[in-house]
Amino acid sequence: MSQLLLDVNGLTMQFGGLKAVNNVSLYVKNRQIVSIIGPNGAGKTTVFNCLSGFYIPTAGSVMFKGNDIAGLKDFEISRQGLVRTFQHVRLFSNMTVIENMLVAQHRHLNTSLLSGLFKTPSYRRLEQEAMERAVYWLKEVDLLDSANRESGNLSYGQQRRLEIARCMVTQPELLMLDEPAAGLNPNETKELDELIIKLRDEHEISILLIEHDMGLVMGISDHIYVIAQGTPLADGNADEIKNNPDVIKAYLGES
Amino acid sequence: MGKLYNAIFSAGITFVLACLMIGVKLDTDGATLGVTGATPEQWAWIFGGIALVFFSQLFSDQIDAAFRKIPKPQVSHLIPVGDKMTQLKPWLMAGVFVCMVIWPFMVSRGSVDLATLALIYIMLGLGLNIVVGLAGLLDLGYVAFYAVGAYTYALLSQYFGLSFWVCLPISAGMAALFGFILGFPVLRLRGDYLAIVTLGFGEIIRILLNNWTAVTGGPNGISGIAKPTLFGMEFSRKSKEGSTLFHEFFGIDYSSSHKVIFLYLIAVVLVAFVIYVINRLMRMPIGRAWEALREDEIACRSLGLNRTAIKLSAFTIGASTAGFAGSFFAARQGFISPESFTFIESAIILAIVVLGGMGSQIGIILAAIIMTILPELAREFSEYRMLLFGLTMVLMMRWRPQGLVPMKRPVLELK
């Protein structure tokens, strides 16, 4: 039996009188690509914010690798191996690509101040390892040639890829991508498609995806959840979702 | 038309302000209070000023255009690039250091003393630069940590007779502790709110020192603070019991300038140490984390960076630098009182950081030197000191808002 990596039950997020997320449950197994889709404003990103600790959910449990992580601080959750990206690219745009990759490894590099001040061998070794990990992932997303460029000067597609690489270098087990294909051209979307599949198949991580590009979602998802107005509407594999009358109604409206 | 209206309005404001501040004067004559008007000469100046404001507002576009034509100083081509620089740098640093060490033996006592003061401000500027320039936390109460450092040494020396060299790290530690204690609750605040809280903290420390008379001596301060010694040798003319004197040990005549030069040299060493540490910090993960946090806090959180710990480290390290400077200040002055740690000090240190260019070490060193030496050179204008200070600020922000030497990040390159 493949173990549940993420097990969300009855997740509810209430802002005053507004239930942005209402009783959402979802499961992610190891090495799975799971997508959340739904019309704009359905509460998909709110779900992400709850899972990654940016919001503390009003109710419900979030089990990650068997531990309840609901209510943990954002940085504690990402240290457990659940890392996310954002709808808008959030790079440190004044820094070079390689520096972005090193900041992400801050936790692994967190040596004592003194060893850094005197450049002790152990400090150098850690830094060297961090560099190697950074280079490895830059190669994986095909950005090695731009390693010394300022990240703000990269093209949009490159910035998106760097964001994914920056997450991967923290060695997560579940990567949550919030609309990674937004603003990409068809070519770049195809590359992203391949990258996500590679992450699952070669690097054996799971991916939780919010996306509006149905071609991408239907093509790569192992399982799809549909949310409308904060409430779960349907779930199943691509074919089941495509033919579900409720889903069609939610997207196209009553006909 | 809008221009004319604006110019008349500005001139009117200048008129009101000038009349209130310069135009009339209150004189106490025994028990009565008399009002005297300004002399004709002063009126002439006032109206001259008003005319200046009027016309500068009226023709602000033309003036701006003229300002833009002034070439900005281009220093980048003076500095050799790339490999050459990395080769030259150690030599350059060594050269500067040697000059700094030799220089005091050739100039007057007064200049050495002034240079020591400048070095203290350099230390303070560099310390505040970590907090404001690198981590992006606006701290308006930085002088509090300076005061903590100074009082730590003064009190330890007075009550327990501890020497300067023992107290130096203790002072830095105490200041760091205060930074930590203050930082813990307030670092969840941002921007303006943080500025207000730190401003309050600065005042609290000063008022505490002022009123805790039993321990700190209150407004009378602490006097007779022991001077630093060189391996236990004192720099005074007559020895206290059992201590060796510097001039006796080396068999030279006593000169009061020995002490001044010695203090200067200590300051040089301390500044060199601070520069080294900060330079390393900027290239270490923690330095990068400060900058990353300044740029995008949310991204940092999602990558597992603990923002409270990172901000706290910036605050603490910045505070400890101030503590360093403070204990040296106490040792140099021999006398401290809460008067030395008013808000205006914080403002001056912040001005040094902003004028120098936030984050830029060279810029801050330059700005600190300028800010300490200019008031000395312009002693005749000492009445107008704050006015000149304000004017410099306005001109700088107009002409070079990014500071004297804008920050150049130490970029990490992949080979």
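Glycine residues also receive a Cβ, built from the backbone N, Cα and C atoms like all the rest.
Per TrEMBL, the feature transmembrane segment maps to B:7-24, B:88-106, B:112-132, B:137-156, B:162-184, B:260-278, B:312-331, B:343-370, B:382-399.
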Where, among B:112-132, B:137-156, B:162-184, do we find the most CB pairs under 8 A to the transmembrane segment (B:343-370)?
B:112-132
Take a look at B:88-106, B:112-132, B:137-156, B:312-331 and tell me which one has the most Cβ pairs under 8 Å to the transmembrane segment (B:260-278).
B:112-132
Mind pulling out the one from B:88-106, B:162-184, B:312-331 with the most Cβ pairs under 8 angstroms to the transmembrane segment (B:137-156)?
B:312-331
